[in-house]
Amino acid sequence: MELHVRYEGDDDPEKCTARKLARFDLAALHRTGRETPAGVVLNPHAERALSPADDTDMLVALDCSWETAGRAMFEIDGEHRALPFLVAANPVNYGQPFQLNTVEAFAGALAILGRWERAEELLSKFTWGHTFLELNEEPLRRYADCEDSSEVVAVQQAYLDAGED
């Protein structure tokens, strides 16, 4: 599966997971929307959740600061899907739900799409990478067992409801 990143370059280059993926030839960076190929776009503002029904040969992520990640930033061609409830393991946003960096977003999407080994490959480039799969193993496996977006949303809601108890 091809991984493409619409790269804004507005965060710390030393902490940028997209740049590191590109250095290892695991993702391609694109500086403009026109350069970025259409695929399944991981978009936190999307109306539909990513599910195994979205299996594809190309994932696209936007790499930018969370401070600038408004809806307008995600004007990228393709089918837009939101990742369901997952918890960040990266040092910047550790423990924060939904505040994933680019490699975590790709890894979460790959796991949901049944490509667990590829997710592990990406995360192996980061000292904290294994922690992402450890923190999210149960929900990722449950999301991967879903048929479609509505089932993923139901599983997500169960996690959100459990957190309120």
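Cβ atoms here come from the backbone N, Cα and C positions, even for glycine.
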Further S-adenosyl-L-methionine ligand in Swiss-Prot, beside THR17, LEU62, LEU83, within candidate set THR32, THR56, THR102: THR102
Additional residues surrounding S-adenosyl-L-methionine, by Cβ distance to the THR17, LEU62, LEU83, THR102 centre under 8 Å: VAL5, ALA18, LEU42, ALA61, ASP63, LEU100, ASN101, VAL103, GLU104, ALA105, PHE106
